[in-house]
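These notes are about the structure you will find just below.
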């Protein structure tokens, strides 16, 4: 970060800022409130959350790479259809490749991959970041946004799974291979389950608590910012 | 959102649009751009499809063979189960009055009026057949692979795909519960037709606490599969005529 100031813009890319944005400040779910459809649909277990998170991460990386390297060609008037085309093509290719060469993983994740197209967060990042930045920051932003999204998915999945069925990372060996089978734990033996948490309403409930918790955490160490937010709308006109 | 825009603006100032400026606002450029991208995307997809077609169909055949091996015991056949499948029309046994409306709806909604029947052969005699039957579950169709011996008894049934509620309806999967093995050895007379139902409906098969529709759909699917078999038994179990394959 203490690079020479007369270096090119590349050296002054605020990597830390991008990472902070992706993981926390401007997290896809927690701050941007995007990608809620796939989020609520698959987070019945932590394993499923992890699966969708990783698949989205790959697509976000690749779309960041493509959009930022092609940004000189793309004009603002037709950018949205072009981005959609790029993302849809990527997702389809990922789907085909996984089906062919990672077939066992595809059997578990296959259901989620088409859902990635509906993930407006990817289009959002293409539009607001990758199309305005050099390749490396765009890819890094894709990575950080993807990791942030994955973390939320896993957290939400874990909460719902523990409350809903008393297990954690059930079937993880199907997704990650036998070596990761140790992740599969039963936290509450002989638990009869709390079905609501596994069904979609449980997803909304858990997400609500997660968002409230994040807001709370954000506010605690920065009382000044809280004051700024509180007075914000008043000053608007 | 606003913080984010701030970051992006800073970054874009560092590295403005670099490529040479054509008449980028003209209709021609936009058309070419969009058309070019569409063409490139299609080309990529074609290449991707060509590259993955072989491996995918191989994997799917492996999956199908693995499922078939589960419903037809290996000692029942000496042929490749995937070889020479039969195509038969999907129809219930002469629309018998007791066949529940549920099962009829399920099979007609599936839309396919032909089903693929895989045959297990010993020499040229058909010892067992396996085919897919579909029931209308709580959250969508439930696809069941059914293996039936030449005597009309069920050798095994496995759920191939379903979208039932996790934790409730998914007990129909063999990996979660052995409920589905309750069908092994059954036929249309055991139990008698009116008892081919879940216990709640006066039948012999267990339902799950909290989920009745799912097992009901599986029972209906398997029953309709048995009826299909009974209606076309002669065609299905006729000695196989192998026309092309003379490998050994």
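Using the three backbone atoms N, Cα and C, a Cβ is placed for every residue, glycine included.
Per TrEMBL, transmembrane segment is recorded for A:27-46 (among others). Long-range contacts of the transmembrane segment (A:27-46) within its own chain (CB-CB distance under 8 A, at least 6 residues past either end) are made by residues 52, 56, 112, 115-116, 118-121, 124, 145, 148-149, 152-154, 156-158, 160-161, 164-165, 167-172, 198, 200, 203-204, 206-207, 210-211, 214.
Residues 35, 38, 42, 83, 86-87, 90-91, 94, 109, 112-113, 115-116, 119, 121-122, 125-126, 129-131, 133-135, 137-139, 141-143, 145-147, 149-151, 153-154 of the same chain lie 6+ residues outside the transmembrane segment (A:52-70) yet bring a C-beta within less than 8 angstroms of a C-beta in it. Annotation comment: TrEMBL describes A:52-70 (among others) as transmembrane segment.
Sequence-distant neighbours of the transmembrane segment (A:82-102) (same chain, 6+ residues past either end, Cβ-Cβ under 8 Å): 55, 58-59, 62-63, 66-67, 70, 74, 109-110, 113-114, 116-117, 122-123, 126-127, 131. What TrEMBL records for A:82-102 (among others) is transmembrane segment.
TrEMBL lists A:138-159 (among others) with the feature transmembrane segment.
Counting same-chain residues at least six beyond the ends of the transmembrane segment (A:194-217), those with a Cβ under 8 angstroms from any Cβ of the stretch are 27, 29-30, 36, 39-41, 43-44, 152, 155-156, 159-161, 163-165. What TrEMBL lists as transmembrane segment is A:194-217 (among others).
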